[in-house]
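Student: Sharing a structure, written as structure tokens. Questions coming.
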Amino acid sequence: MQDAERTTNDPVDRIEKVTWRDLQDGSFTAELKRLICFAAPMAAVVIIQFMIQIISMVMVGHLGRLSLASASFAVSFCNVTGFSFIIGLSCALDTLSGQAYGAKLYRKLGVQAYTAMFCLTLVCLPLSLLWFNMGKLIVILGQDPAIAHEAGRYAAWLIPGLFAYAVLQPLIRYFKNQSLITPLLVTSSVVFCIHVPLCWLLVYKSGLGHIGGALALSLSYWLYAIFLGSFMYYSSACSETRAPLTMEIFEGVREFIKYALPSAAMLCLEWWSYELIILLSGLLPNPQLETSVLSICFETLSITYSIPLAIAAAASTRISNELGAGNSRAAHIVVYAAMSLAVMDALMVSMSLLAGRHVFGHVFSSDKKTIEYVAKMAPLVSISIILDSLQGVLSGVASGCGWQHIGAYINFGAFYLWGIPIAASLAFWVHLKGVGLWIGILAGAVLQTLLLALVTGCTNWKTQAREARERMAVAHESELTESELPI
């Protein structure tokens, strides 16, 4: 506690901007190494988490068209109305816990994780009612009754997974904000190894059919949360940051919501814009071809985004830690290092995709028209990969600094006032069809990246560090004065 008091009273360094000369003293190279050591295993974690979802879909897909269509619709619905919102709300911890760790208020990480679990569990209650009645709702909206019925059953069996997600996401950020990536990598790998045979048994051997895919996913999320919770409780690596359950978790609800709502808005506004493009593709002539091609392109973008997402997570953690410690110069250097990694990754991946544009369509489809259309879209997808890498890291910078509200405004303007209107105009009025839709979402991504870069470039890092220190000083005072009554 004395360390924390000394840390929160330490002065903020006087550096407002980092110059080129500052980047040549070894700090930049050292930061690159830190980010790579963080991002490499984190990328593996992201890929494994993605594959857990894919495995369920692949196994369900072998049951037939109705099972695949209903499961795909249910997963898309649940992602938009639930999982995306839970992930977005939990991103508040990227600011709060990251800066608390930098300020050496270690115990706050455990308290904030419990606060997040409590808030997210409450959010799951109305969401679960929505999922339970999904089948009836989408029939009213005009969906095929057979697909709607089976999709509703699939969503209902995903409800336990939603509550698991409310516990899991704060735990993931609890470890990430301490740069403890090994527990995430080990537990996600173990869960994946369990999920594959579990999903196979439930889908093919239990008689549950496609419902088994949803149940397997829910059970795997609970296993993941239990494993991480056990590591948090028993590991000596978490001895300083874990906290007992006290009334203190309720006192942090207001602060959590302050950052959680704009965090959710920032993430969901971008996520939902891509889902809207898929829906618009269904209104085009030959909707089966257009939707299939755009789905393949978005799936490719999701896979290639794993590395930028890991770099963004590393940047967010490092920046929040340094700002919490009052090191404005170090936080600014992290931005340069993270953007350098993002540029290198974007160029390598986009050029590889462009070079193999006549090949990668075969991975997803055997239909000749689909493969040719995917090859035609490849140059646009390559540009999207570059923009996604840059904006992903810039969004990580925003989370580390606590600018989620600015990011939400930017994403709303870039996609809903600019990108999607352009997409609809090009697709339906200029008759560019799927290409027009992608150009529109690309225009939104360009504006989003430029605005995030402008905000980052105009940032006074000394002021950011001072604000973080003031926030942590208030947190430290409350930690010293509040009474900790057991629940």
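Note that Cβ sites are derived from N, Cα and C of the backbone, with glycine treated the same way.
Dumping what Swiss-Prot says about this protein:
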- 35-55: transmembrane segment (TRANSMEM)
- 73-93: transmembrane segment (TRANSMEM)
- 122-142: transmembrane segment (TRANSMEM)
- 155-175: transmembrane segment (TRANSMEM)
- 184-204: transmembrane segment (TRANSMEM)
- 211-231: transmembrane segment (TRANSMEM)
- 264-284: transmembrane segment (TRANSMEM)
- 293-313: transmembrane segment (TRANSMEM)
- 333-353: transmembrane segment (TRANSMEM)
- 377-397: transmembrane segment (TRANSMEM)
- 412-432: transmembrane segment (TRANSMEM)
- 435-455: transmembrane segment (TRANSMEM)
Student: Let me spell it out: take the transmembrane segment (293-313), skip the flanking residues so only those 6+ beyond its ends count, and list any with a Cβ under 8 Å from a Cβ in it.
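Tutor: Same-chain residues near the transmembrane segment (293-313) but 6 or more away: 35, 38-40, 42-43, 45-47, 50, 176, 274, 277-278, 281, 338, 341-342, 345-346, 349, 353, 360-361, 364-365, 370, 373-374, 377, 380-381, 384-385, 388-389, 392-393, 395-396, 399, 434, 437-438.
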Student: So, does the transmembrane segment (412-432) come close enough to the transmembrane segment (377-397) to give 3+ Cβ pairs below 8 Å, pairs being at least 6 apart in sequence?
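Tutor: Checked: the transmembrane segment (377-397) vs the transmembrane segment (412-432), no contact.
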Student: With a cut-off of 8 Å between Cβ atoms, can you find at least three pairs linking the transmembrane segment (73-93) to the transmembrane segment (184-204)? Only pairs 6 or more residues apart in sequence count.
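Tutor: These two stretches do not touch.
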Student: For the transmembrane segment (122-142), what are the same-chain contacts with Cβ under 8 Å, counting residues 6+ beyond its ends?
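Tutor: Apart from its flanks, the transmembrane segment (122-142) reaches 73-74, 77-78, 81-82, 85-86, 89, 148-149, 151-153, 155-156, 158-159, 162-163, 166.
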Student: Any chance the transmembrane segment (435-455) and the transmembrane segment (35-55) have 3 or more Cβ pairs under 8 A, given the pairs are 6 or more apart in sequence?
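Tutor: Judged by the Cβ rule, the two regions do not touch, with the required three close pairs absent.
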Student: Taking a Cβ cut-off under 8 Å, which residues six or more beyond the ends of the transmembrane segment (35-55) line up next to it in the same chain?
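Tutor: Contacts with the transmembrane segment (35-55): 75, 176, 179, 181-182, 184-185, 188-189, 191-192, 195-196, 199, 217, 220, 302-303, 306-307, 309-311, 313-315, 317-318, 334, 337-338, 341.
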Student: Hey, which bits of the same chain come close to the transmembrane segment (211-231), Cβ under 8 Å, at least six residues off its ends?
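Tutor: Residues 52-53, 56-57, 59-60, 71, 74, 153-161, 164-165, 167-168, 171-172, 175, 183-184, 187-188, 190-191, 194-195, 198-199, 201-204, 238 contact the transmembrane segment (211-231) from elsewhere in the chain.
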Student: Using a Cβ cut-off of under 8 Å, list the residues of the same chain at least 6 residues beyond the transmembrane segment (333-353) that approach it.
Tutor: 18, 22-23, 27-28, 31-32, 35-36, 39, 300, 304, 307-308, 311-312, 314-315, 318-319, 322, 360, 378, 381-383, 385-386, 388-390, 392-394, 396-397, 456
